[in-house]
Amino acid sequence: MSNVCIIAWVYGRVQGVGFHYTTQHEAQRLGLTGYAKNMDDGSVEVVACGDAAQVEKLIKWLKEGGPRSARVDKILTEPHSPRETLTGFSIRY
């Protein structure tokens, strides 16, 4: 088991449709730590840390569009080294 952290920016109809709440639920189900945060440009920023296979499952879920009410047009991901220790998976404002 190797642990990784990624940061992702999800673009499309992803705000006001419960996207960050369902992302939190999915990340918790996968045993990941991190957060989801609405950004000023209409995207959602997601930081996810944990087992590499579980992080990949979250990325796949994000690419597939998350909740039914959302529409994902584009997702960008890159490795990430959080400055703080992340516990649990939260929604940030």
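Using N, Cα and C of the backbone, Cβ positions are placed for all residues, glycine too.
Cβ neighbours of Cys5 (disulfide bond) (same chain, under 8 Å, six or more residues apart in sequence): Gly34, Val47, Ala48, Cys49, Val55, Pro79, His80, Ser81, Pro82. What Swiss-Prot records for Cys5-Cys49 is disulfide bond.
For 5-93, the entry in Swiss-Prot reads domain 'Acylphosphatase-like', with the evidence type sequence analysis.
Listed in sequence order, Gln15, His20, Val44, Tyr93 are the same-chain residues six or more apart from Asn38 (active site) with CB atoms under 8 A from its CB. Secondary structure at Asn38 (active site), taken from DSSP and collapsed to helix, strand or coil, is strand. Annotated active site per Swiss-Prot: Asn38, in sequence order, evidence recorded as sequence analysis.
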Mind checking how the domain 'Acylphosphatase-like' (5-93) divides into helix, strand and coil residues in DSSP? 23 helix, 36 strand, 30 coil
